[in-house]
Amino acid sequence: MRLIASDLRSGVERLGDMIAEAKTIVPFTGAGISTECGIPDFRSPGGIWTRNRPIPFDGFVASQEARDESWRRRFAMEETFAAARPGRGHRALASLYRAGKVPAVITQNIDNLHQASGFAHEHVIELHGNTTYARCVGCGQTYQLDWVKRRFDQDGAPNCTVCDEPVKTATISFGQMMPEEEMQRATALSRACDLFIAIGSSLVVWPAAGFPMMAKRAGARLVIINREPTEQDDIADLVIRHDIGETLGPFVGN
């Protein structure tokens with residue numbers, strides 16, 4: 001039976017009961033968990049993609065001009081990403097992780113804030129990659145961004161020193177294949193949990209938006225925490241339409 005929390009307090013109390021009763025909790029996070037940390041949303045009105053049209057993967061690979069523009073945009077955002085620190089939502093999930101309730105987090109975010117909050121790298125399933133380092137699109141060789149920046153300042157967007165294919169941020173661009181291993185791990189986790197908490201996601205980007213449904217079909221209870229309604233509110237057991245930091249803040253340190 002779906003419950004839309006009438007106020008923040010009742011929502012937090014019900015969420016606390018569900019967390020206490022759960023054995024295995026899988027959080028699924030979207031952009032909303034990071035906006036209080038200063039990371040701008042990409043998709044919402046006024047977001048980055050409304051100001052700069054996304055560069056698709058095939059365009060990046062085919063055009064030096066597109067690669068230069070992609071890296072110019074990334075370095076223009078460097079201060080924002082470098083200054084960001086985990087918010088209350090990240091820290092609350094890390095507390096549940098340390099307590100053994102959360103085996104891993106599934107995220108659509110690329111900002112590395114779950115790792116910064118205390119999650120081991122191998123326990124953060126990044127569906128859309130990570131913008132804090134770079135990877136060759138050919139052989140997969142990884143590079144630190146300071147190396148890319150030095151090359152970029154000298155000669156524009158660099159190619160791989162191993163195979164001479166283009167180097168891009170280790171994120172998933174439009175038209176690029178989703179990471180198979182991460183999708184498989186996210187599927188297994190969604191099917192194995194007894195509480196799935198979707199946080200700060202509009203739940204419209206597929207295939208990632210399928211994980212809450214998958215967990216629900218497998219018998220898990222579903223919580224959705226998002227300021228705006230989502231298309232999956234009707235199947236949720238609890239919907240909390242309040243600030244994420246305020247909602248999850250009471251669970252920091254528990």
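Keep in mind that glycine also has a Cβ here, set from the backbone N, Cα and C atoms.
The feature domain 'Deacetylase sirtuin-type' is assigned by Swiss-Prot to 5-254, with sequence analysis given as support. According to Swiss-Prot, the feature NAD(+) binding site maps to A31, T35, F42, R43, Q108, I110, D111, H128, S201, S202, N226, D243, I244, an assignment based on sequence analysis. As annotated by Swiss-Prot, nicotinamide binding site applies to F42, I110, D111. The active site, proton acceptor annotation in Swiss-Prot covers H128. Marked as Zn(2+) binding site by Swiss-Prot on the basis of sequence analysis: C136, C139, C160, C163.
A31 (NAD(+) binding site) and C163 (Zn(2+) binding site) have their C-alpha atoms 34 Å apart, to the nearest angstrom. In the three-state DSSP assignment, the secondary structure recorded for C136 (Zn(2+) binding site) is strand. Its Cβ placed at the centre, Q108 (NAD(+) binding site) has 22 other Cβ atoms within 10 Å. Cβ-based crowding with a 10 Å cutoff singles out I244 as the top-ranked of the binding-site residues C139, C160, I244.
Non-local neighbourhood of S201 (NAD(+) binding site): F28, T29, G30, A31, G32, Q108, A208, A209, N226, T230, each in the same chain, at least six residues away, with C-beta under 8 Å from its C-beta. In space, I110 is the closest of the binding-site residues I110, D111, C136, C160, C163 to H128 (active site, proton acceptor), judged by Cα positions.
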